[in-house]
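TrEMBL has this to say about the protein:
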TRANSMEM  42-59  transmembrane segment
DOMAIN    70-131  domain 'Homeobox'
DNA_BIND  72-132  DNA-binding region
DOMAIN    134-335  domain 'TLC'
TRANSMEM  143-163  transmembrane segment
TRANSMEM  183-201  transmembrane segment
TRANSMEM  264-287  transmembrane segment
TRANSMEM  307-327  transmembrane segment
Amino acid sequence: MLTWLRVLSDWIWQDRLWFPAGLGWANLKDRDGQVFAKGRDLWVIFPIAVCFLIIRQIFERTVAVQLASLLRVREKPRVRAAPNTTLESYFCNASKFPSQSSVEELTKQSACSVRQVQRWFRRRRNQERPSQIKKFREACWRFTFYVLAFIAGLGALIDKPWFYDMEEMWNGFPTLPLLPSQYWYYMIELGFYISLLFSVATDVKRKDFKEQIVHHVATILLISFSWLVNYIRAGTLIMLVHDASDYLLESAKMFNYAGWRKTCNYIFILFAAVFILTRLVILPFWIIHTTWVYPLTLYPPFFGFYFFNGLLFVLQCLHIFWAGLILRMAIKFLPGNVCIPKPNHHRVVSWTEIEPSPEPYTTYVNSGLTLFILNEVSELRVEDK
């Protein structure tokens, strides 16, 4: 078994797959005082992830709580579901979203009307939703990391020639010496995403829960791959481009939870502009162009070239999709886009999530959109008052 695994590993990591002809892993051995990236370096991300988890707990219980108090983050009153053994048993053991046939059956068992059963399940689901304080604390932690990561990444790259002339990222490839700033930028980013993967079970679960898992795993794999094959200069530029807008999204969420609607809207519009500039202009027309077109003037194409650029093209397709959703949400934040309550329904509309319900509550001038962009900025929920 071990022999078979060793043979498979040797085949996967053979030089001709990941490097231009005549180059290989032997070129990445330390020599003459120069240090190169190595796979074993990645083990350090696990203790870093643990440190992030500890720091996060301290941060959320101290700094984030104080900031929430300063911004006057308040919990909205929620109407609790009346005690009902039959409905509670179904809610806990069967489904939180009963079908119409199940609702009719429950009306017979609980001696309630259909409307009363539907209202009970809405209120019961509402009780389990995370509090505004919890969501604010999570957004505050992510905002703090993203803004510091962006500043650190900018500081690590601002004096590098490939920050201004991106063709320099391939000058001397693959024998590109590892700089201390690159090492720590990579390890901290990887450690943070590993910590998010560890904490996803206790974080606020949103409708894009599965997409978040896929995103975290894909991010970890992409960063790790670029480290292993020494695409570090390109990797740092790509990480910086992504960090440039993430902190704006988290800050918009923070002000949203605090009830600062206009501030949230303005920041979100700024986020949309930065997102489009960095991910629909800089990334495809500068970075991907340099990773796809320029290397062909230096080396014949090889599998690692196609693999790396293939991942970038998939990422770019996601950016285009997300940009469309972001623009639609940004348009909703412009003046004149208001919601019109239907008559005879006394409801309060708040920015959380829309729940499937057989009752029509609100009609929106511009069709409602729940936006999920790996970390959603806001959702719309209809609450019973």
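Backbone N, Cα and C define each Cβ position, glycine as well.
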Notebook entry, point to check: Which listed range (42-59, 264-287, 307-327) shows the maximal number of Cβ pairs under 8 Å with respect to the transmembrane segment (183-201)?
Noted result: 42-59
Notebook entry, point to check: In terms of Cβ proximity under 8 Å, which residues at least six beyond the ends of the transmembrane segment (42-59) contact it?
Noted result: 140-141, 144, 187-188, 190-192, 194-195, 198-199, 224, 227
Margin query: Can you break down the DNA-binding region (72-132) into helix, strand and coil residue counts using DSSP?
Written below: 36 helix, 0 strand, 25 coil
